Amino acid sequence: MRSAKVGVARQLETKKPQTGRKISTSSRGTIHSQQSQPEDIQMKYTRKELKEYRQLFNMFDTDGSGAIGNEELKQAMISIGLHANKAEIDNVIKEVDADGNGEIDFEEFCACMKKSQNIVKSTNEELIRECFEIFDQDRNGIITENEFKYIAKEFGDFDDELAEKVFRELDVSANGHLSADQFATIVEDYLLNDPKHDIDTGDSDVERYDDRHDDRASPMPNHLSTVPE
C-alpha cells in the first residue's frame, strides 16, 4: 500500500518541502538517551521525542560539553525538515536561547526542536490542502476516479492502466473516490518517508515511471482545465 501512495505523491514533488534526514543512532547517543532527564522535561515531551532529541543533540555536541552553538542548532533544525530562511531560524533560536549566551543546552534544544516540528507540521498541512484542491477539480470535497486519472496522466505521465491500478489500490473503501482524509494520509506518508521506492503493481510501466521521474519533477500549475466527466 505504501509504495502506491508514494507513486501518487511523487508528481507533487515541486511543492514538497524537503524532509529531514533520518536520525542516526550511535552507541554514544544510546547511552545519553538512557540517562535520566529532569522531571520538567519529561513532562513536556514524550519518551520517543526525548530519545530522538538526545540522539540528534549528541550528533552536534561533539565535545560532550552539554551545549551546542547556534550554527549547529540551525543544522539540526534543517535536518528535521525546517527549511526556513535565516531570519525565521534566528527568531526561533532567539525564543529558545533563554539566557542569550549563544549556546544551546539540551533543554533549550528540545524546545527548539518541538517548535520546529510544529512549523513543519503546519507547512505540510497547507501543502496537503493545496494538493487536494488541484485534484478536486469540481470542489465537491472528494477526488473521483476520473479526476485522479486526469491529473495522474496529464502531470504524472501515468498511462490509463497504471493510473487505474494506483487509484484502485488507494481507494481502500472501493467507493470510487478519495476523501480528504484518505488523500491526506497518502501525502503525509510521502512527506514522512523516502520517495525512492517502486510502485508495487506488478507492471513494467512502473519501472518506466520511475525512470522518467528520477531526475526531474512534473510541473504543477495553479489552474487546470475542467476534468472530463
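From the backbone N, Cα and C atoms, a Cβ is placed for every residue, glycine too.
Copied over from Swiss-Prot:
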| type | residues | note |
| --- | --- | --- |
| REGION | 1-41 | region 'Disordered' |
| DOMAIN | 48-83 | domain 'EF-hand 1' |
| DOMAIN | 84-119 | domain 'EF-hand 2' |
| BINDING | D97, D99, N101, E103, E108 | Ca(2+) 2 binding site |
| DOMAIN | 123-158 | domain 'EF-hand 3' |
| BINDING | D136, D138, N140, E147 | Ca(2+) 3 binding site |
| DOMAIN | 159-193 | domain 'EF-hand 4' |
| REGION | 194-229 | region 'Disordered' |
| COMPBIAS | 194-217 | compositional bias 'Basic and acidic residues' |
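Here N140 (Ca(2+) 3 binding site) comes close to no residue that lies at least six apart in sequence on the same chain with a C-beta under 8 angstroms from its C-beta.
Non-local neighbourhood of D136 (Ca(2+) 3 binding site): I142, I143, E147, each in the same chain, at least six residues away, with C-beta under 8 Å from its C-beta. Secondary structure at D97 (Ca(2+) 2 binding site), as computed by DSSP, is coil.
The highest number of surrounding Cβ atoms within 10 Å, among the binding-site residues D97, D99, D138, E147, is found at E147.
Cβ contacts within 10 Å of E103 (Ca(2+) 2 binding site), excluding its own Cβ and spanning all protein chains shown: 16.
In the predicted model, residues of the domain 'EF-hand 4' (159-193) average a pLDDT of 82.
Neighbour density around each Cβ, counted as other Cβ atoms within 10 Å, peaks among the binding-site residues N101, E108 at E108.
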